Amino acid sequence: MKFVDEANLRVEAGDGGHGCVSFRREKYVPFGGPDGGDGGDGGSVYLVADHNLNTLYDYRVNRVYKAQRGGNGAGKDRTGAKGESRYLRVPIGTLCFSRETDELIGDLTENEQTVRVAQGGYHGMGNARFKSSTNRAPRKTTDGTPGEIRELRLELKLLADVGLVGLPNAGKSTLLAAVSGARPRIADYPFTTLTPQVGVVGVGPLRSFTLVDLPGLIEGAAEGIGLGHRFLRHIQRTRLLFHIVDLLDAEGRDVIEQIQTIEAELEQFSPELASRPRWIVLNKTELVDAEETAELCERVRTTLDWQGALYAVSAIRPDSLNRLLGDAMDYLESEAAERRAASDAEDMDSDDDHES
Ligand SMILES: Nc1nc2c(ncn2[C@@H]2O[C@H](COP(=O)(O)OP(=O)(O)OP(=O)(O)O)[C@@H](O)[C@H]2O)c(=O)[nH]1
């Protein structure tokens, strides 16, 4: 199905059902009391995150989603039926905004997380409710309130632990396919990846992380040239980037020049993204001898003053990827532990504030 990462839609919750005017009619009881029942509540509209989805395509096709109205009350104290709510399933990583105010209504980051986006109307009351010692035959009822109607914008920002960036043809799809169950299209011409792909990388028993591959970035991508810029948002929520570099670029670009191109694109798109932890991964090492690879690594370190992590791999030789993946897993686990410790410390600080 087509990858769609933005959609506008309208959601309409159901109105509440009205209260009913009715009086008891029984044989031999001339003045039966009021027995008009309440209406039912209107159904609400919810978004539900679903890990089996990866596109907002459906919301481009269908743009209006309504929940059911509550039933009206009836005689003999019968309450109207509740309107059925509507549950709209969206991929994990979907953000929901109001189109009227731009307010963020929900950020669905976990499977089955549910956010109400339009509240159903409240039921009206039947005349049986208004009986009192002074008025034994009230004709008063109330109407149900209208269901909420909202114009929404959905934006999908895929959630993955690690993002792959690099020039077209660097070998990102090959790497993703080699380490995960994802089956991206691979070919030796640029831009075979047209949409982001997410794969799960298993590192030993019970340890795994997710990896997202974007279409290749080219110079000017951050300004809207080529395809890459449209997809940069999908690495905004990753925790670590692998910058994949082709050792033997088909266009004859030097490794340093290739790295600088991507670094400049990231910086221009978002300084925040450019400051994200980033590991340089030189790919296709089996095409050159070990000495040449070592020399290239040295040049990256000295020419670019690169202090960060640097790997040399061959995406078509899975064994060569083990160290990279193991290190990434360790990094993600310790970063998560640090984050937990920091947020625990913050919680304790705020508890102290309460006590003082
Ligand atoms: N020899 C060799 N070829 C590789 C290696 N990794 C990828 N390739 C080849 O390089 C070409 C491009 O690989 P892809 O994985 O499609 O590159 P990509 O970075 O995903 O490219 P885009 O989809 O354009 O972003 C393909 O012909 C791959 O077979 C490698 O480690 N060694």
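Any Cβ shown, glycine's included, is placed from N, Cα and C.
Since we're looking at a predicted model, the values are computed, not measured.
According to TrEMBL, the feature region 'Disordered' maps to residues 336-356, out of the candidate ranges 105-125, 252-272, 336-356. For the region 'Disordered' (126-146), same-chain residues at least 6 beyond its ends with a Cβ under 8 Å from one of its own Cβ atoms are 15-23, 31, 33-39, 41-42, 70, 73, 77. In the three-state DSSP reading, Ser173 (Mg(2+) binding site) counts as helix. Helix, strand and coil content of the region 'Disordered' (126-146), in residues and according to DSSP, is 4 helix, 0 strand, 17 coil. Every protein chain considered, the tally of other Cβ atoms within 10 Å of the Cβ of Thr195 (GTP binding site) stands at 19. In this structure the alpha carbons, written CA, of Ser314 (GTP binding site) and Ser173 (Mg(2+) binding site) are 13 Å apart.
Counting in whole angstrom, Ser173 (Mg(2+) binding site) lies 13 from Lys284 (GTP binding site) by their C-alpha atoms. Note on Lys284 (GTP binding site): other Cβ atoms within 10 Å of its Cβ, all shown chains, come to 22.
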